[in-house]
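A.B. asks: Shown below is the structure under consideration.
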Amino acid sequence: MWPNKVPNPNWPEKKAIDETSWTDVEYCKLRGKWYPVSKTEAEKAAWEFREKNDGIDVVAIHPGTCLGELIQKEMNASSAVLQRLMMGSKDTQECYWLGAVHVKDVARAHVLVYETPTAAGRYLCVNGIYQFSSFAKTVSELYPDFPIH
């Protein structure tokens, strides 16, 4: 349930993003970033529901930007991030932190928490957390023929 990105302009540069990290919802609303707003509010509602209802287990897997093969014909939100970047988008996402992960790793994580009765809480499912500009630089190096800014 974790938003693909953690947009938060006040996040200290040296502070690690971990399972205790949350998106700055007000910042997202001001920028019209409704996807992270909806994901964050949905997760908070799940945790509130759990608090009010004994016996309910909630485990949240927080995949970053899921990349890999698509099973549907339509572009998903994660692949759209990469597509916009490769098409020359000048939206620098200056306050975005992004963690990319292969979709097959996300599937494995879901199976693991399902099969592990003691699984609890929030789990990041990413290969690392990077500022969007670092992600763009890596993509630019991998695909030099694309107009990546």
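Glycine too: its Cβ is placed from the backbone N, Cα and C atoms.
Annotations in TrEMBL come from automatic prediction, not curation.
Annotation comment: TrEMBL describes 34-120 as domain 'NAD-dependent epimerase/dehydratase'.
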A.B. asks: Pop the mean pLDDT for the domain 'NAD-dependent epimerase/dehydratase' (34-120) in here, whole number is fine.
C.D. replies: 87
A.B. asks: For the domain 'NAD-dependent epimerase/dehydratase' (34-120), give the DSSP counts of helix residues, strand residues and coil residues.
C.D. replies: 42 helix, 13 strand, 32 coil
